[in-house]
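These come from TrEMBL:
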- 73-93: transmembrane segment (TRANSMEM)
- 307-327: transmembrane segment (TRANSMEM)
- 339-356: transmembrane segment (TRANSMEM)
- 365-385: transmembrane segment (TRANSMEM)
- 397-420: transmembrane segment (TRANSMEM)
- 451-470: region 'Disordered' (REGION)
Amino acid sequence: MAAKSDGAPVSLRNDILPECLPGSDERSPQCLPDRKRYSLHDCSWTLCALLVFFSDGASDLWLAADYYLSRNYWWFALTLVFVIVPSVVVQVLSFRWFAYDYSDTNDSSTAAAAVAASGAESHFTTKDSDQPGAGRDAEFGKLPKTGTMGGARGCCRAFMWLFQCFIHIFQLAQVWRYVHALYLGVQSRWRGDHERRHFYWRMMFESADISMLRLLESFLKSAPQLVLQLSIMVQASQVLPLQGLSASASLVSLSWMIASYQKVLRDSRDDKLPMSYKAVSVQILWHLFTIGARTMAFALFASVFQLYFGIFIVAHWCIMTFWIIQGETDFCMSKWEEVIYNMMVGIVYVFCWFSVREGRTRCRMLIYSVVVFIENAALTTFWYVYRGPHTSDFNALIIVCMVASSYALGTFFMLVYYCLLHPDGPISGWGWGVPEEVAVESCLSPASSLPPDVVASPPRTLQRTKGGDREQMGGANADVFLVRTLKRGAKPNLPPLAPRTEGPVIRIDLPRKKYPAWDAHFIDRRLRKTILVLEGAAPVTPRIQYRCLGSATEVMEYETTV
């Protein structure tokens, strides 16, 4: 199956560009490469993510052991189930990814190597879905066959398989991936230019994997664990130190992973501006307080109405999942995978807002926020009215005020993020800060001055575009991306980048994925293999070209070769 994505050639963030010119906007494409080098802040962020992971898991296991020693076997079983089951699910998915990535890749490797060796201006395509690495240019001739592996290489592969089995059996896949991403990032910093680009590719792939795995684990483990421990506290009318530690670690893990997911997503895409660590910190506080208020309302209601709480959660999840499916998301490579993805996002929507498609999200976020506010108020009110006699009116009023103030603080930090720290610039009123739009040519048309088989490298960073802008454009000369300027005082006339015409081109036969999904070469692991082999074999960095929806000739060319 060929990968999908919308006609723009996507170039690496870490390609070499002219230095930042005096007076240029610091977020302009010319200024980006210096900031996108792996930095000490990136290293510290990974180490903090490891600390959050260990604190969350260790506190839950410690609490489960304490329940067992205290003869609270029912609480012990529930706490342990919410630790083991999500961890096993994540380990299975992680090992499946490893098995595919590390399997013998003769087809894609030899094809990519043949393309890289054939010349500097060769094109490489992924049109044959059964042979994901097969090139279409006839001049490549018959691809070479790889020989049998030597004894030393076979032993290394066997050791790697045993090592990964050991890692996944002991539930340490996330730790290994964090350490591996840290190693790749450091290597991309220390190595030479060509090796730096190669290690940066691999580091971004690894970061994408760990972000998706940790986000899945957080909402399968940390979210229900947080609700469970808060319910136990309310029901028992006391807060044990270990309970408070476990609940706090779960809450921090949830808010951390949502913000980390968004940051890695933006850092990996060339058509998105990166998110600063200041913005990430504010986003963590936003989710920390909103999820805290949400889970406190859940815990209060569940401590009195266990059965009705289960019905409410299932009903809310079904409604949110239907809402997401109705929005026609475009994340996965097949329909059934898309449905599973929507179901998982429906779990996220039980606790917090999560953008799943391109376009203006303010209306959808407003609807979701109003619904959550009404639900939180109703759940807390039902608990206040039907609470047990062991909770005094004064204590109950304090708890209600805590839920309300936590949600208000979360809303405040959300407004701070969108009004001051959003990567695309501040949002004022109901529109973006600057209404002007600048067209950026990202897909060659027949009238282009470049040869029709040459893909020019676009600016390394494009501001976020509206989904409708791309889908409604037509005609052979239509521009694919509409880019918003960041500030009224910014200089719009940046020196144009000279197009790169050398090196292999990976042509992906589908329109570019919509925000917030990763590009196809991050989702489709076959394309990862091709990119990494080309990156290591070619003298220059391979370029990626997605199908252009704006060019009729381009669409016909792709349709006749699929």
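Glycine is treated like the rest: Cβ placed from N, Cα and C.
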Contact set of the transmembrane segment (397-420) with the rest of its chain, CB cutoff 8 A exclusive, min separation 6+ beyond the ends, reads 279, 282-283, 285-294, 296-297, 300, 369, 373, 376, 380, 384, 391, 426-428
Same-chain residues at least 6 beyond the ends of the transmembrane segment (307-327) with a Cβ under 8 Å from one of its Cβ atoms are 298, 301, 339, 342-343, 345-347, 349-350, 356-357, 375, 379
Per the Cβ filter (under 8 Å) with a sequence gap of at least 6 from its ends, the transmembrane segment (73-93) is approached by 57, 60-61, 63-64, 67, 168-169, 171, 173-174, 213, 216-217, 220-221, 224-225, 228-229, 232, 246
